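Per Swiss-Prot, active site, proton acceptor is recorded for PRO2.
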Amino acid sequence: MPLIQVTLIEGRTMEAKAALIGSLTQAAVATLGAPRESVRVIIQEVPAAHWGVAGVPKSAAKEPPRDSKA
C-alpha cells in the first residue's frame, strides 16, 4: 500500500488539493503498478508563519500560493 505524504503551505483550494491527490494516486498506479484503491495520500498544511525560506518566514512574502483564493 503506497502512502504518499505531501507538506504544503496552507492556502490552496479544496479543488487544487483534490486534483493533487488524484494526480499523485494516478502516478503511483502508473509507476508502481499499485491498485488504485491501495494508494493513500496525506496532505499536511503548514501555516506560512511556520515555513521558512532563506531565513525568512514565508508569511513575510508578498505573494500567496499560485492557486490560492487570497
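Even glycines carry a Cβ here, placed using N, Cα and C.
Every protein chain shown contributes to the tally, and the Cβ of the residue listed as 'active site, proton acceptor' ends up with 16 other Cβ atoms within 10 Å. DSSP classifies PRO2 (active site, proton acceptor) as coil under the three-state reduction.
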